[in-house]
Amino acid sequence: MLRSLHSSSSSDTDNNSGGCKNNGGGGGEAAAAVEGGGDQRAVAAAAPSTRDLLLACADLLQRGDLPAARRAAEIVLAAAASPRGDAADRLAYHFARALALRVDAKAGHGHVVVGGGAARPASSGAYLAFNQIAPFLRFAHLTANQAILEAVDGARRVHILDLDAVHGVQWPPLLQAIAERADPALGPPEVRVTGAGADRDTLLRTGNRLRAFARSIHLPFHFTPLLLSCATTAPHHVAGTSTGAAAAASTAAAATGLEFHPDETLAVNCVMFLHNLAGHDELAAFLKWVKAMSPAVVTIAEREAGGGGGGGDHIDDLPRRVGVAMDHYSAVFEALEATVPPGSRERLAVEQEVLGREIEAAVGPSGGRWWRGIERWGGAARAAGFAARPLSAFAVSQARLLLRLHYPSEGYLVQEARGACFLGWQTRPLLSVSAWQPSSS
């Protein structure tokens with residue numbers, strides 16, 4: 001069994017900010033052993049931990065020593081053997097594989113695995129399995145839905161702009177709640193969802209499923225697919241040539257197919273979306289573009305770095321970023337280990353198609369922006385003219401009830417802080433959900 005990838009304390013990750021050589025000697029010794037060109041037995045004799053070897057690989061990759069970086073990744077892959085061991089083995093396998101893919105791409109021996117900062121999309125089966133066996137997506141959807149439900153209460157026409165609609169699993173519970181709260185004298189309100197995504201066929205299937213569900217509960221409903229260009233996360237009706245902050249800052253009229261009506265109450269949903277935006281300028285431009293729509297509420301759900309991400313807009317130092325990512329995903333894999341039966345095919349699919357691909361993106365060329373955390377999202381939202389919309393006590397109690405009913409492990413924890421609701425494993429926050437509205441000032 002491989003030695004744990006989790007740092008012994010939050011300071012361990014901070015000590016990696018200058019590369020592996022500052023990792024208490026362990027990462028530097030591992031890098032030196034691998035860089036020296038010794039065989040695997042010589043490296044093993046130095047007894048570096050798996051974490052040290054992965055940090056060494058990142059350090060060597062960053063410094064351009066691709067052969068040594070490849071050797072470090074191969075040592076971990078040989079020890080982990082497959083993604084079917086215990087949590088530490090499986091996590092080591094995915095990080096070593098992600099780093100090896102990046103080495104190969106940089107050396108010109110492979111292709112770039114991911115474009116931009118987005119993870120390759122998982123199959124619908126793996127995505128839905130993740131939604132069932134782990135609480136992260138359901139927690140984000142439930143908490144965001146409650147904030148939206150409260151913000152649109154009493155509206156006769158509701159428009160939801162979902163920037164990452166995927167399979168639309170977030171919306172049936174909200175549509176049901178809206179229908180049940182309808183005034184009997186007036187009937188249910190009209191609901192329109194504009195669902196954004198990069199795959200036209202997936203969006204069309206999502207729209208068909210949501211229309212069928214809305215018909216079953218007698219809710220007036222419309223779904224409009226909105227394609228995102230593969231080159232940018234700015235909305236387009238058809239993937240075009242606009243890129244970066246300029247496209248994100250474009251007006252709603254310029255985003256063909258994105259229509260707004262003055263009598264609609266608008267909610268903008270950004271669940272696992274903002275990390276796809278390239279940098280501070282594009283994030284700021286996107287949020288200003290959203291504010292120009294005058295939404296009643298904007299919901300944001302993103303990963304948390306657990307204190308290891310620092311205050312910067314990116315984590316450009318690759319060893320430090322790998323350390324932060326290992327701490328985060330170590331907790332995620334431990335949670336799955338504790339709550340999903342051993343040998344579960346669903347867990348294997350989730351770890352390979354969802355988490356493994358997230359790890360590829362997180363350590364990829366654009367992955368540094370994944371770890372901004374609530375401080376960065378919140379600061380950018382305030383700078384764009386938004387104010388926090390506190391989550392209600394009922395929203396938080398619903399999140400806790402979700403865990404008690406469906407994920408009863410004592411390891412999961414829901415906390416309120418800084419105007420957001422956090423889901424964590426043990427003491428490490430892994431995901432935050434917050435709600436925002438245009439400030440009155």
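Placed from the backbone N, Cα and C atoms, the Cβ positions cover glycine too.
Between the listed ranges 158-162, 318-322, 388-392, 433-437, Swiss-Prot ties the annotation motif 'VHIID' to 158-162. Summarised by DSSP class, the composition of the region 'Leucine repeat I (LRI)' (48-126) is 53 helix, 0 strand, 26 coil.
Taking the region 'Leucine repeat I (LRI)' (48-126) as a whole, pLDDT averages 85 in the prediction. Here the region 'SAW' (364-437) is broken down by DSSP into helix, strand and coil counts: 30 helix, 25 strand, 19 coil.
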